[in-house]
Amino acid sequence: MNNLRQEFIKFSVDTGVLRFGEFVTKAGRTSPYFFNAGLFNQGGTLARLADFYAQTLIDSGVEFDMLFGPAYKGITLASATAVALANKGRDVPFAFNRKEAKDHGEGGTMVGAKLQGRVVIIDDVISAGTSVRESVDMIRAAGATPCAVLIALDRMERSGADDALSAYSAVQEVSNTYGMPVISIGNLSDLFEYLSNAGADSEQAQYRDAVSAYRKRYGVT
């Protein structure tokens, strides 16, 4: 058992970011759980989340020089993670992009430190991989090297329509396409372990079978 990963799942449940029930995903699937990182919307919870990101990145052993947060959620995540890393003795620069180019002041679409060296892309989840693809293009265009993607939760789900499921998840496809690791604080296996360890009379225990069935249908190995 990885205590950090289990602590993160519990933290997400306790803050209401990770909920159980019936939810329709972007892919049109009915999922027994829903993870909404936008609900990490208070200073204290954001600080704790950033600490999870920072510690996970340190523990991964990935060598990096700076952070990049794609607009919009990635902006806050990269900024907060940079603060958390500095508090752990690793002071690194960070940058993020605007959705719309600015034609006055410093101009352009990039904000923060100059993109250079080995860059870690920070986001909440990977659904279709669009945000990562755009980030990789921007980083490479600046002459820097994307070296890893760091996300909060890996759903470990096979991509594609129900009648044409891929053998790979969106996370695996990103890793294979760009030849770099995708690191997650927690994943579906951690979530299932959390439910399996929940007491029989706990609120979460009732969702164990639903998550197990969902993982059997859509999960990757």
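Glycine too: its Cβ is placed from the backbone N, Cα and C atoms.
Per Swiss-Prot, the features are:
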BINDING   Lys26, 72-73, 98-99, Lys102, His104, 123-131  5-phospho-alpha-D-ribose 1-diphosphate binding site
BINDING   Phe34, Phe35, Ser127, Arg155  orotate binding site
Site with most surrounding Cβ atoms, counting all protein chains shown within 10 Å, from the binding-site residues Ser127, Thr130: Ser127
Lys73 (5-phospho-alpha-D-ribose 1-diphosphate binding site), number of other Cβ atoms within 10 Å: 18
Residues within 8 Å of the Phe34, Phe35, Ser127, Arg155 Cβ centre (excluding the orotate site residues themselves): Thr25, Ser31, Tyr33, Val125, Leu153
Proximal but sequence-remote residues of the same chain as Phe35 (orotate binding site) (Cβ under 8 Å, at least 6 apart): Ser12, Val17, Leu18, Asp124, Val125, Ala152, Leu153, Arg155
Three-state secondary structure, which DSSP defines for Ser127 (orotate binding site): coil
For orotate, whose listed binding residues are Phe34, Phe35, Ser127, Arg155, the greatest C-alpha pairwise distance in Å: 13
Least surrounded among the binding-site residues, given as Lys99, Ala128, Arg155, when other CB atoms within 10 Å are counted: Lys99
DSSP-derived structure type at Lys73 (5-phospho-alpha-D-ribose 1-diphosphate binding site), helix or strand or else coil: helix
Sparsest Cβ surroundings (other CB atoms within 10 Å) among the binding-site residues Lys26, Phe34, Asp124, Ile126: Lys26
